[in-house]
Amino acid sequence: MIRLAFVTGTEPGKWFRRYAHATTHRLTTIDADDACGALLAGEADLALTRLPDPRITDEFHTVVLYDEEPGVAVPKESVYAEVGEAVRMADLADEHVNEHTTTEELRAALQVVAANVGVAFAPRPLLKVLSKKRVVPLGVRDWPGETTSIGLAWRKDDDSDAIQDFVGIAKGRTPNSSRAAAPRRNAKEKRLVKEARRKATKPQNRGSRKRR
């Protein structure tokens, strides 16, 4: 059995279903604002988390799955919401920015934005989950800061078939594919393989029939 913590702003349900269908491993899932924190605390064996994270050291394996679009939450009644398109940083130059560090602080910042005071920046998928129709999450075309990715992290000492099977499913591996890529053959090996195949498919000479 593995315990998997998944960070707010992700939707891993399809992977959970495929994992249950394709393997016999038991999976316990934990919805967490801080999936990495759950991993570090020993509450999870595997974390679907937001990267980069300075807490993830060389003691962990990491696999990046996809990049997140930078986003900004704007008031519902704002001109940005009315247009409904991704914005540029210059468009928001005069706006008050509601700062935050944690997801819980972001929730509080979104309440301020909903009161028509300023904007708040965060990964757009996270804003979509937390907005709850109180604010409008838009993309940012020219985000100058570091972008985020969603990936899997787990302790190297805890590596197991159960974890590797989930990693493979999240990366799109099918039941018919192998965990490891097939080794590449050099030119000589390829030639020998072709010759062996030709010999295997060549019809055998059964000999000529005797004349009566």
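Glycine too: its Cβ is placed from the backbone N, Cα and C atoms.
Keep in mind that TrEMBL annotations are predicted by a computer and have not been checked by a curator.
Copied from TrEMBL, the annotated features are:
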- 173-184: compositional bias 'Low complexity' (COMPBIAS)
- 196-212: compositional bias 'Basic residues' (COMPBIAS)
- 24-95: domain 'LysR substrate-binding' (DOMAIN)
- 98-171: domain 'LysR substrate-binding' (DOMAIN)
- 171-212: region 'Disordered' (REGION)
Tally of DSSP helical, extended and coil residues in the domain 'LysR substrate-binding' (98-171): 33 helix, 18 strand, 23 coil
Mean predicted confidence [pLDDT] for the domain 'LysR substrate-binding' (98-171): 97
Residue distribution over DSSP helix, strand and coil in the domain 'LysR substrate-binding' (24-95): 15 helix, 27 strand, 30 coil
